[in-house]
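So that you can see what the record holds, here are the features copied from Swiss-Prot:
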type	residues	note
BINDING	61, 62, 63, 64, 65, 66, 76, 77, 83, 105, 140, 141, 185, 195	FMN binding site
BINDING	66, 123, 127, 131, 191, 192, 193	substrate binding site
């Protein structure tokens, strides 16, 4: 199928200038993230996480951001999943927030590290009960024989934990991505898009405009 005729011009925003940007990329991320939330787009905290296997093969998946601050970006997962196994071998990852409806993207490059278990527990206890049970029931990234197998395991776990709080699995928790580069992209007419790259140095952050 030839889809070369599918195209869309970008006219949503005025040109982005360096003086419009915050000196700190986390502050700039917060401003754009709030704009995304206020715009009403679906799951503005959704991003694409890229990891690399030991053989050099990259893989990607959609993940939900659950916290960000000056220390970085936090997400949660099964520590036996493909993404976690790849992070254990190569902690360098990238995160992309593809806000197509807003004609904006943010790309984060950094190193992933496990967060303290008590922090994972605090978040786990805020999850809906079904999601807590799901964390126990799903052997994430492993081969399973059918959906019925998964649903039966979920029902068994629900019965097991029918009394009291559901404990945090030993194999489940969070990662924090500590960024060393963050790029902000904003669409402009004639494909003359705005791109600014923040890079971390010993003295803080530098920012430079990059050609689209």
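Glycine residues also receive a Cβ, built from the backbone N, Cα and C atoms like all the rest.
Positions of Swiss-Prot features highlighted on the structure.
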| residue | record | Cβ contacts under 8 Å, 6 or more apart |
| --- | --- | --- |
| 63 | FMN binding site | 46, 47, 48, 49, 75, 77, 83, 95 |
| 66 | substrate binding site | 45, 74, 75, 76, 123, 174 |
| 127 | substrate binding site | 135 |
| 131 | substrate binding site | none |
| 140 | FMN binding site | 77, 78, 80, 81, 82 |
| 192 | substrate binding site | 212 |
| 193 | substrate binding site | 10, 185, 186, 187, 212 |
61, 83, 191 as binding-site residues, winner by CB count within 10 A:
83
Which value in Å gives the longest Cα to Cα span across the FMN site residues 61, 62, 63, 64, 65, 66, 76, 77, 83, 105, 140, 141, 185, 195 as recorded?
36
For the C-alpha pair, I'd like the distance in angstrom between residue 65 (FMN binding site) and residue 191 (substrate binding site), rounded off.
29
According to DSSP, which kind of secondary structure is residue 123 (substrate binding site) found in, if we only use helix, strand and coil?
helix
Cβ-Cβ neighbours of residue 65 (FMN binding site) (radius 10 Å):
20
Cα-Cα distance maximum in Å, computed over every pair in 66, 123, 127, 131, 191, 192, 193 that the record assigns to substrate:
43
Just name the most isolated of the binding-site residues 76, 123, 185, going by other Cβ atoms within 10 Å of its Cβ.
123
Does DSSP give residue 192 (substrate binding site) helix, strand or coil?
coil
Quick one: Cα separation, residue 191 (substrate binding site) versus residue 61 (FMN binding site), in Å?
27
